[in-house]
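Here the structure comes first, spelled out in structure tokens, and everything after it is commentary.
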Amino acid sequence: MTQDELKQAAAEAALAFVVEDSIVGVGTGSTANYFIDGLGRMKDRIRGAVASSDASAQRLAGHGIALFDLNDVTELPVYVDGADEIDGSLAMIKGGGAALTREKIVAAVAGRFVCICDASKRVATLGRFPLPVEVIPMARAQVARALTALGGRPVWREGVVTDNGNLILDVHDLSITDPVGLESEINQIVGVVTNGLFARRGADTLLLAAPGGVQRIDAA
Ligand SMILES: O=C[C@H](O)[C@H](O)[C@H](O)COP(=O)(O)O
């Protein structure tokens, strides 16, 4: 099976978690796109969706799925999204597509975070994938210095502007021994909007696709 087929298999498995007549939280990226396409087939069984990016909103709209503003939503039973890396405790690195802040906001409202991944995303320790950090533009250099002081090597993702009008620094070479602590520590740097560690609120359920099938792993 190709990596794309595995992503699609994980995404299809997530459709079983969609609650009838509910509003669905929808992530961003190539794996989430397969989920959106599947959701399109069952659009008559849901009220609509909250999107975590302009790109996902566009794809959802293309399927005729009603879009809701998160401010108007009080109940979001399920959020489905991919990840760049996920560890044994279901903590993740996200933001390879620069959508981390909206993803974290929508996920925070959701009752259950279902992560959909192909097996290549599963790691013992987070950090081989450079950690994306969304930064207010005028603070780019000072945040980069603070991230260097933490032991990382920040690289500005030049040319990329987030849906919120901000910049991304990708932090290489971090030793992530305490994902929960590091997530909080980086968020304390003035000028940081948020970082791509999803550890304080990780996934509740992982659907991990390998050639042998899709494995379900629930958080302890
Ligand atoms: O900003 C992007 C998101 O965090 C994605 O969920 C993540 O990058 C995984 O994307 P993909 O499914 O394309 O590997």
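Quick reminder: no glycine exception, Cβ is built from N, Cα and C everywhere.
Unlike curated records, TrEMBL annotations are generated automatically.
If you check TrEMBL, you get these features:
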ACT_SITE  E103  active site, proton acceptor
BINDING   T28, G29, S30, T31, D81, G82, A83, D84, K94, G95, G96, G97, K121  substrate binding site
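This view paints the features noted in TrEMBL onto the structure.
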| residue | record | Cβ contacts under 8 Å, 6 or more apart |
| --- | --- | --- |
| T28 | substrate binding site | A51, S52, S53, A55, S56, D81, G82, G97, A99, R102, E103 |
| S30 | substrate binding site | D4, K7, G82 |
| A83 | substrate binding site | M92, I93, K94, C115, C117, K121, F198, A203 |
| G96 | substrate binding site | G29, D84, F129, P132, G196 |
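Per the record's binding annotation for substrate, residues T28, G29, S30, T31, D81, G82, A83, D84, K94, G95, G96, G97, K121 show a top Cα-Cα distance of 15 Å. Listed in sequence order, the binding-site residues among T28, K94, G96, K121 whose CB lies under 6 angstroms from an atom of ligand 1 come out as T28, K94, G96.
In the three-state DSSP classification, S30 (substrate binding site) falls within a helix. Here the binding-site residues are K94, K121, and the one with the most other Cβ atoms within 10 Å of its Cβ is K94.
Using the Cβ center of T28, G29, S30, T31, D81, G82, A83, D84, K94, G95, G96, G97, K121 for substrate, the list of other same-chain residues with Cβ within 8 Å runs, in sequence order, G27, A32, A99. A 10 Å cutoff on Cβ-Cβ distances gives D81 (substrate binding site) a total of 29 other Cβ atoms nearby, all chains included. According to DSSP, D81 (substrate binding site) sits within a strand segment.
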